[in-house]
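Below is one structure; the comments refer to it alone.
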Amino acid sequence: MPKRDIKAFLYDILSYMDDIINFTKDMDYEEFINNKAIKYAVIRCLEVIGEAVKKIPKDIREKYPHIPFKELAGMRDKLIHQYFGVDYLTVWETAKYEIPEIKKEFEKIIKDLEEK
C-alpha cells in the first residue's frame, strides 16, 4: 500500500468533520442522545479524526500549537476503549461547538501547505 502524504490525512480530517457538522445540523442534545445512528456515526467520525491526527508530523503540530491535536487523539482513545463509559455530553459538545471551530484551523493548515 502506498504511503499517504500529510494532505491526505488532513483532507480525511476535514471530510469527517464535515460529516459531524452535517449529522448534527439542526439537532439539539435531546435529539442527539435519542438517535442511536447519529450518536454512533459521530463517535465513529471522532475516532477516525483522532487516528488521522496521530499521523500529523510533529513539526506541523508544533507550528499550530493552538490546535488540540493531543486532545483529539485522546478522545479517539477514550471512545475506542471505553465501550460502556462514553460521555455523550462531551461527544455532543465536541461535535456541535468545537469541531466547527477546529475545522477552520485544519483548513488553514491545508492552505498554508498548498502555498508552499
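Just so you know, glycine gets a Cβ as well, placed from its N, Cα and C.
According to Swiss-Prot, the active site annotation covers R76 (among others). The 10 Å shell around the Cβ of R76 (active site) contains 20 further Cβ atoms across the protein chains shown.
DSSP assigns H81 (active site) to a helix. Contacts of H81 (active site) defined by a Cβ separation under 8 A and a same-chain sequence distance of 6+ are given as none. Marked as active site by Swiss-Prot: H81 (among others).
Annotated O-di-AMP-tyrosine per Swiss-Prot: Y83, in sequence order, evidence recorded as similarity to another entry.
According to Swiss-Prot, the motif 'RX(4)HXY motif' annotation covers 76-83, on the basis of similarity to another entry. The motif 'RX(4)HXY motif' (76-83) scores a mean pLDDT of 81 in the predicted structure.
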